[in-house]
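Colleague: Sharing a structure with you now.
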Amino acid sequence: MKSLASVRRLSAAAFPAALPIPFHSIPDSRGRDHDFISVAHSHLLHGDWEALNALAPSLTPFRTTHILLRLRHDPILSLEFYRWSLTQGPPAAHSLDTHAIVLHIVTKSCRYTVADRIFRQNVVPRTQNSTSELFDAVLRTYRLCDSSPAVFDSMFKSYSHERKLRKASETFRLMRDYGFSPKLKSCNAFLSSLLDRGRADVAVAFHREMQRCRISPNVYTLNMVISALCKLGKSEQAVCLLERMEAIGCSPTVVSFNTLIDAHCKKGITELASKLKNTMISKGLRPTEVTYNTLIHGFCKEGKMREAYRCFQEMKAAQLKPNTITYNTLINGYSGVDDIEKGSRLYEEMVTNRIEVDLVTYNALIKGLCNVGETKKAACLVKELNGKNLAPNGMTYAALIAGQCRRKNSERALELYKAMNRRGFTPDGDTFERLISTFCENDDFEGAAEVLKEMARRRMALDEALLARLLEGISASGKTRLASELQSILVGTRLVPEETICKAGS
């Protein structure tokens, strides 16, 4: 994204002196052109659109330009004529200059929404020109219309809303060349689009550029920069920015803290995340459901179920209602540490409190039951899904297969694997490896080979240690033909180094 990098290049050196806005004049109307323009202007002033329709086929960019310039002090009539000319006039009735003149007229009269609509619906689709050509047209007609800098800001904001980031970046650069600065609202629109497109790096660079241009941020700006820093893994810098917010004149919000709490939880730094929550409270901000759900998820991911449950209790004490996400996170956490009893109690609490139970809830319970070998109870829960208008998905089957593998029931695991395939769900690498490992433990090397062939067909690599174990087992059982067949398949896929395959099968 070379043009987006121009934001970073701008930061490398001081701005040169602003370029002067060029003076530009257009030829006076003469002869037939003058007569046409005068008659059309008269019809417009008198609202005689029927008479004007007869003139429509003879519109040219030159005539349209002169008519718009005569109307420039009447934004409503200018806009009516412009819209009429787009529908009634020939396709060649407009040029970049005529579109630019209309943008000048509506922005000078503070009709920014109209300008944005014209830019998006008429200017961009009808002009395939480069950003610089369009900018030049606006610049060229700037003095003709006695315009205001808002017209350039409107361009920048419209490109930002349309997520045309290269063009927005180029417009910003050209604005700076001529000494224009975008409004804060437009800068925020650009930052938002950058984050939506995953360009956190450019968002941070653009914020630095805003500082150099002395564009004062607001809390929305800084929250987006905090988010960008967190996405880049720079949570320490994000915390520093949070601490500087009040000095900048912006008080941190719940969103500021929630973003940082989420970033710290994702990095496994739940202690700092919890401290941020306490700092948030000390500043008079009330944590939300999002705050607690994020912390609970962070604790559960680390297996810190005591801290997660304490957070859950604190959430309820703060008069916040745990939702489906809260319960699902906790149930999944307890399933991960094989505490199905607490997970089941939370499920019952959900039902009692009439909190929606979804497939994620059932999958968490099924996973927990399978983890402790309670596969029959897990199967009963699967049957319950039909009554809830829910259907098993890939996660359901993966949990059931894992449960049967834990019990070393390779036949039932293979049946579930085949059912999973029939339903159109693709097993992940862990599921394949569990199946192969279970078959190997049961000395069912042909079953393991069948699964390995499927992995090869899907171009999924098997763990080298498990592959060695499988090939050694096949060779030890005297199935040399099967060993050779698998070696040939694996060499063909090139998913495992050939020397590794040969060594394992020797």
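Including glycine, each Cβ sits where the backbone N, Cα and C put it.
Pulled the feature table from TrEMBL, pasting it below:
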DOMAIN    339-479  domain 'PROP1-like PPR'
REPEAT    148-182  repeat 'PPR'
REPEAT    183-217  repeat 'PPR'
REPEAT    218-252  repeat 'PPR'
REPEAT    253-287  repeat 'PPR'
REPEAT    288-322  repeat 'PPR'
REPEAT    323-357  repeat 'PPR'
REPEAT    358-392  repeat 'PPR'
REPEAT    393-427  repeat 'PPR'
REPEAT    428-462  repeat 'PPR'
Colleague: I'd like to know the mean pLDDT over the repeat 'PPR' (253-287).
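Modeller: Mean pLDDT for the repeat 'PPR' (253-287): 97.
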Colleague: Using a Cβ-Cβ cut-off of under 8 Å, list the residues of the same chain that are 6+ residues beyond the ends of the repeat 'PPR' (218-252) and lie near it.
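Modeller: Answer is 184, 187-188, 191-192, 194-195, 198, 200-201, 203-204, 207, 210, 259-260, 262-264, 267, 269, 276, 283, 285.
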Colleague: According to DSSP, how is the repeat 'PPR' (183-217) divided among helix, strand and coil residues?
Modeller: 26 helix, 0 strand, 9 coil
Colleague: If we skip the immediate neighbours and take only residues 6+ beyond the ends of the repeat 'PPR' (323-357), which ones have a Cβ under 8 Å from one of its Cβ atoms?
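Modeller: That would be 289, 292-293, 296-297, 299-301, 303, 305, 308-309, 312, 315, 364-365, 367-369, 371-372, 374, 388.
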Colleague: Using DSSP, what is the helix/strand/coil residue split across the repeat 'PPR' (148-182)?
Modeller: 25 helix, 0 strand, 10 coil
